[in-house]
Amino acid sequence: MRKVKPKLNLTSQTARIVNLSHDGRGIARINGKATFIQGALPGEVVEFQYTRVKKDFDEGKLLSIVEPSTLRVEPKCPHYQMCGGCSLQHMSAEEQIRFKQSHLLDLLSRYGHTAPQTVLSPLTSHPWNYRNKARLSTRFVEKKQSTMVGFRERNNPRFITEINQCPILNSKIDTDIVHLRKLIDTMEDKQCIAQIEVAAGDNEVALIFRNLTPLTEQDESKIRKFAQQFQYKVFLQPGGLDSVFCFYPSDAHAYLSYELPDYQITFQFHPNDFTQVNAELNRKMVKQAIQLMELKNSDIVLDLFCGLGNFSLPMAKHCSRVIGVEGNRNMVERAYMNAKSNHITNVDFYAANLDDVMEVRNLVNTSFSKVLIDPPRSGALEIVKQIDSIDPERIVYVSCNPITLARDTDILVNQKGYVLITAGVMDMFPHTAHVESIALFQKG
């Protein structure tokens, strides 16, 4: 018998918000079921309309605030209500931090079945113009005879929010979005550019144009003039990631750079490389991680998911030796390049399958007193399941997903004999629900 799909009640409803979901949506309890409403805050009475009805939960669209929360602030961005670039601008900066810290501790309790002995003070940065990496979608609209440049719409990712500014993006891009749109509007093939990747170093900003078809000579000339006038490095990507090349200046080397001034280290990176989005917060994060490691001159440290050496190189200045292991061979080459340019010789880097700890052990074949783990959103499940083969006395875990951190914490604490000494959030992405965190584990 075919299930009957519940009908949407399209009349406006009123509800009181009792909590926030992990992604920052307000939660109302109606007839024993959770209803998620984007843009609503705890304590508020809101008017909303159902947009989705499921067996276990419903979703609604916020229509108006009947009783506002004292935590509510006016969003800075004029595109905020539609744009999917961020989701918490309606919440005060202080409350955003409290929400993220509470979310982390709740997940550690619920899925990690533990709590840290102490909670770290949150790491924060300037909340605006912090985002040094982004992907902007573009689309030429025939009916309007104009180009849309922006992030995907929050409630309908098939569509692009046309933006004239973005207060979370690097300040140069924030200012120049309108000029980017004008550039594409003047091109002969206005459908050619599908997206624009933004990557900023400390002193330069690069744009990667994903061109679906070869550029005409006239369009190449227009892009060069744009890059020259507004001072950008421009890369083209005619195919896959391996096809990216520096288009302007033609004689420029392909790298951007950022500095960790506390350690007198400068990193060079390709615009396609993974680097932290928020430079100010990254500097604070590296410093905190090294403090938590409590490095001694005799320590040999293993840095897993080491990337281009963001933690490895500064740690190497405080210990005997650092071994960095990374799954991406290109990043291993970049890490060696950065070690050489910074005259750091007590580091080695290897490419390995980080789901196979025995491969890592056989590759490096040494003992480690301390380990730093900085995995992707999927976490470090295989690493923590096989941590006995490394047996470090201290682990610092840097996480970009509190759910997988909580899962891995459960294994480390309840199966492997480690103690969760401390943990806390690092607000790498202000005005979004994204939670970056750091945790210290000590062998019990």
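A Cβ is built for glycine as well, from the same backbone N, Cα and C atoms used for every other residue.
The record from Swiss-Prot ties Cys83, Cys86, Cys166 to [4Fe-4S] cluster, and of the options Cys77, Cys192 it ties Cys77 to that site too. Following the DSSP three-state reduction, the secondary structure of Asp374 (S-adenosyl-L-methionine binding site) is coil. Geometry remark: Asn353 (S-adenosyl-L-methionine binding site) versus Cys400 (active site, nucleophile), CA distance 20 Å. Close to Cys166 ([4Fe-4S] cluster binding site) in the fold, though at least 6 residues off in sequence, lie Cys77, His79, Gly85, Gly150, Phe151, Ile173, Asp174, Ile177, each with a CB less than 8 Å from its CB.
Taking the Cα of Cys86 ([4Fe-4S] cluster binding site) as the reference point, the closest of the binding-site residues Gln276, Phe305, Asn310, Asp374 is Gln276.
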